[in-house]
Ligand SMILES: Nc1ncnc2c1ncn2[C@@H]1O[C@H](COP(=O)(O)OP(=O)(O)OP(=O)(O)O)[C@@H](O)[C@H]1O
């Protein structure tokens with residue numbers, strides 16, 4: 001066995017040398033070609049192509065590939081080794097494929113193959129379905145041209161030819177810095193299926209915490225750009241993320257995959273820019289503090305919550321109705337008497353507005369109709385014999401036109417939207433609250449989708465504002481209205497919509513089930529995927545988090561951990577409040593001692609508590625960053641942050657403080673919050689409480705059903 005491993009290693013060394021020599025030769029040739037800065041278009045394109053190739057080759061030179069698959073097509077006598085990397089490389093002269101791009105159809109075998117001796121097939125664009133057998137699947141770790149690891153995950157000739165997770169576990173066991181990474185070398189079959197889904201479909205992914213949803217969506221973008229390179233442009237693809245810090249956190253993945261120029265934004269920023277900043281958003285800190293309040297101040301969340309009401313499709317239909325009424329009644333009813341004896345009949349203006357220009361958006365239609373009226377006046381004026389008469393009557397006509405247009409006011413999306421909040425169909429409380437804000441030209445986040453919707457009806461959507469593909473991350477926090485709005489702006493209904501209902505901590509605005517979103521798309525243009533396997537955290541952490549969630553009292557789909565065992569979750573009772581800071585310092589010290597932990601999150605329940613804690617910790621010399629709402633950058637290291645801001649992020653270790661009944665009550669909303677906090681941890685999860693533990697995990701260890709020995713209790717009194 002050892003011999004076999006060594007000979008595999010030697011073989012791979014030789015192959016690596018052959019490939020890197022060829023890459024370096026090609027690279028050298030490009031580097032020696034002078035850049036072109038002249039005006040000739042053909043030369044400019046050639047230069048650009050060389051630059052793209054240079055970038056690819058430079059990356060490929062350091063890490064040319066990560067996998068090998070020996071595949072024997074039916075009818076062929078020999079297997080063919082396929083080396084799979086982030087970019088394809090071929091021999092300049094012979095055109096032999098040295099490295100196959102991971103997105104190429106044949107490379108799908110590397111991901112979809114899950115063991116066994118049955119035929120493995122893939123779809124070739126030229127030759128249709130190709131069948132054959134996989135003889136070997138090998139993972140290779142190459143860093144800076146050095147072959148570090150060779151792991152066979154399947155070898156048909158071996159005594160145990162089953163696919164193993166060994167390489168995946170090796171990758172998952174690594175520590176994280178402050179950025180999400182690509183996973184091209186270990187994409188799992190269920191993830192690959194999503195990544196390679198056809199465009200012009202709305203893919204809805206419900207995935208447990210850590211199932212790779214964000215990562216998969218980013219890989220899907222890279223795939224779409226490769227597969228449909230003639231039809232899709234990166235600049236026309238957009239990612240909607242929950243906050244700016246999250247965008248910063250994921251910003252490394254697309255460049256690693258060689259993809260640039262994809263728009264990345266948060267919904268609020270995108271809408272405010274479209275509205276030309278005509279309105280301001282209310283202070284998000286206050287809003288979050290309100291919705292994440294604890295104890296008696298905890299607000300009630302139901303369908304009348306402003307976000308649920310204004311985010312509903314019923315509200316969209318209501319606005320539609322109002323727009324129709326506005327459209328039907330906006331024209332003045334009188335004729336325009338330009339001067340005595342010359343009347344433009346109201347019927348004619350109607351005809352121009354409602355028939356001739358009916359395909360234009362409302363305000364454009366108004367502009368065109370008014371322009372037509374002005375032209376009519378000009379033409380009538382030419383019938384006067386003298387310049388002085390024309391002048392005199394022109395003034396008269398313009399005055400009359402001005403008076404006429406006063407009856408036909410030009411609405412802005414905001415002024416129109418405001419009129420809705422006088423209607424009996426809107427709950428009184430909402431009218432009061434909204435009008436108070438509107439007076440200050442302020443709006444809530446849930447007002448933005450309706451405002452853009454009205455904006456689009458008024459002014460239309462420019463073709464350059466249309467998207468080729470839209471990714472919505474943390475989509476459980478999106479409202480159906482937001483998705484319906486984006487659908488209008490996306491060619492072919494091409495979407496990747498991902499989220500987790502168990503992490504729906506913004507239930508005051510988000511969806512409560514996926515039908516709310518799926519039903520917006522035609523049934524045959526939607527695909528639903530469920531990812532239940534969690535890759536982020538150890539088994540112990542996943543078991544614990546599942547137990548917390550199930551105590552929330554609603555039916556849940558438990559996350560299934562990858563078989564990666566680690567330290568037990570620690571439930572630590574403290575003697576009194578004053579001990580908290582010392583306990584955290586001690587915990588950080590212990591974790592850092594191991595040398596294995598890079599990123600640590602200290603998680604409290606509210607932003608205020610975090611600020612106080614952060615001050616106390618830094619006062620004791622701990623170098624920690626306080627993360628607040630609206631923050632744009634994630635710096636890694638030690639962070640102090642409220643639990644609701646941890647969403648989407650991950651840390652080597654998570655320390656949850658104040659895990660008591662006041663901060664985490666036994667209800668679904670709090671269970672989701674604590675679940676989110678717990679599932680951010682990759683390797684270590686510690687929870688601290690003074691006195692009593694939260695009912696979401698109290699006495700967990702004595703509960704026969706769920707006690708698998710995944711947690712230990714300690715008392716630091
Ligand atoms: N196939 C895989 N191979 C290696 N690592 C993976 C794989 N899939 C996911 N991961 C890792 O699991 C972690 C979670 O991934 P990601 O953040 O994309 O999940 P998510 O479903 O969006 O999580 P959450 O909903 O909890 O925010 C990341 O560290 C990612 O690199």
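Note that Cβ sites are derived from N, Cα and C of the backbone, with glycine treated the same way.
What TrEMBL says about a protein is an automatic prediction, not a curated fact.
Annotated features in TrEMBL:
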type	residues	note
BINDING	207, 208, 209, 210, 211, 212, 213, 214	ATP binding site
COILED	2-33	coiled coil
DOMAIN	186-538	domain 'UvrD-like helicase ATP-binding'
Taking all residues of the domain 'UvrD-like helicase ATP-binding' (186-538) together, what is their mean pLDDT?
90
Once DSSP output is merged into helix, strand and coil, residue 211 (ATP binding site) belongs to coil
Going along the chain, which residues six or more apart from residue 207 (ATP binding site) have their CB under 8 A from its CB?
213, 498, 499, 500, 529, 530, 531, 532
Ranking the binding-site residues 208, 209 by other Cβ atoms within 10 Å, which is at the bottom?
209
Other residues near the ATP site, CB within 8 A of the CB centroid of 207, 208, 209, 210, 211, 212, 213, 214?
500, 531, 534, 535, 536
Beyond the flanks of the coiled coil (2-33) by at least 6 residues, Cβ under 8 Å:
50, 53-54, 57-58, 60-61, 64-65, 68, 81, 83, 89, 91-92, 98-99, 138, 140, 142, 145, 147, 150, 152
Sequence-ordered list of residues in the chain of residue 210 (ATP binding site) that lie 6 or more positions away and have a Cβ within less than 8 Å of its Cβ, or none, is 534, 535, 536, 537, 542, 559, 650, 679
Looking at the binding-site residues 211, 214, which one has the fewest other Cβ atoms within 10 Å of its own Cβ?
214
Residue 212 (ATP binding site), number of other Cβ atoms within 10 Å
25
Among all the protein chains here, how many other CB atoms are within 10 A of the CB of residue 213 (ATP binding site)?
26
